[in-house]
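Features reported for this protein in TrEMBL:
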type     : residues : note
DOMAIN   : 25-192   : domain 'FAD-binding PCMH-type'
ACT_SITE : ARG172   : active site
ACT_SITE : CYS219   : active site, proton donor
ACT_SITE : GLU291   : active site
Amino acid sequence: MTTTSSSRSGARIERLALSRFTTLGVGGPAEVWFVSDHAQLHEAMQAPYRILGGGSNLVIADDGVPERVIRLTGALAERDLTPDPELSDEEQLVTGWVGGGVPLPGLIRTLQKLGLSNLEGTVGIPAQVGGAVWMNAGTRYGEMFDGLHSLEIVTPGEVRVVTPDDLPWGYRDSGIPRGHIVTRVRLKLRRSTPQEVLEKMTLADTARKGQPKMKTPGCAFKNPGGVSAGRLIDEAGLKGTRVGQALIAPEHANFIVNLGGAAAADVHALLDLIRGRVGLPLELEYELWPEAPLAGLAADGSGTGGEQRAASTGTL
Ligand code: FAD
Ligand code: EPU
């Protein structure tokens, strides 16, 4: 049975299994704070916390996590695509605020219908805007930072607005320290036509046709130096390897899928196995909650799991 309560500022608090929020369908219980404005967020950040987006890059322990888990809802999951008259012209449009809790797929569909370009390369990424920005999610057809004008970032006690130029962003990395919450962003979009945006979206979508359709957190490892980690894992002969109910997808070797009832430990075991067998150091793309050291060593002796951006105390 779930118990629901309210915080002083009105945030809804529920103890819930996190598996319901993850695309892998794995994750034990935690106290979830549904925050719908800045006052509630500020209160939620007064004790150790984690921020949960679309749960599409997470492997969460079956015991759950002891920290508060924050979800952005209400005003922090709304979008205002009205052009800012000061910053928009015939070629470029800068929007109002788009909440970190907004689901990315719906936003991308809307931008296509409006004929607004720059973010269509991220089609098919089942994230929330905040999580996608934090990871700089993308494909070879484009990434989140292609369409960002500015970002509002909240830390305990501080709200800051920064621009992409203020951040050391790169492939699958915004440079924003862990624990800094992307509450909302303003988008910088090129005026195009629905047809042109659709054509680009279709290209990006076609590139995913070979990806598995089962429960998964997407690609397990980043591509080292532009080489497909999937290809390396495939060449190591690991496609179809199974531990418990977790499987290295036969369709694409960089995806681990849940056959039904997988435990987080099954996924960890596969990650270890891959690292032990691929002859190059592989950097984890999945995020493990709580941070679980991986036993497998990469070829250069690195890769014990310590590479996850660790502290919630880093600064911009
Ligand atoms: P979560 O998984 O909930 O969290 C991931 C990290 O982001 C955590 O550290 C979390 O604390 C942090 N975070 C979440 N919200 C915020 C916020 N508001 N502020 C600050 N930090 C936050 N990724 C790609 O890059 N390209 C792809 O093509 C791609 N394809 C995928 C396909 C599938 C089927 C799946 C399941 C995943 C895919 N992914 C892909 C991986 C995943 O969607 C991305 O990593 C995405 O950025 C995760 O966003 P999220 O909102 O789900 O974040
Ligand atoms: N390949 C294999 N075997 C495999 C997988 C891939 O030989 O098991 C080969 C393919 O045949 C192709 C090459 O490797 O020649 C590249 O494969 P793919 O086009 O699938 O791209 P990728 O580099 O493996 C990247 C991203 C995906 C993104 C796709 C499409 C990373 C880690 N992965 O995969 O992102 O969707 O391109 O643009 O950057 C994610 O990050 O979670 C993710 C899914």
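Don't overthink the numbers, they just go from 1 along the chain as shown.
Keep in mind that glycine also has a Cβ here, set from the backbone N, Cα and C atoms.
All annotation found in TrEMBL is predicted automatically rather than curated by experts.
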Same-chain residues at least 6 positions away from ARG172 (active site) with a Cβ under 8 Å from its Cβ, in sequence order, are MET135, ASN136, ALA137, GLY138, LYS222, GLU285
Quick note, GLU291 (active site) and the residue listed as 'active site, proton donor': C-alpha atoms separated, nearest Å, by 18
Sequence-ordered list of residues in the chain of the residue listed as 'active site, proton donor' that lie 6 or more positions away and have a Cβ within less than 8 Å of its Cβ, or none, is ALA229, GLY230, ASN254, PHE255, GLU285
Per DSSP (helix/strand/coil reduction), GLU291 (active site) sits in coil
GLU291 (active site), Cβ-centred 10 Å count of other Cβ atoms over all protein chains shown, is 13
Reading the DSSP string in three states, the entry for ARG172 (active site) is coil
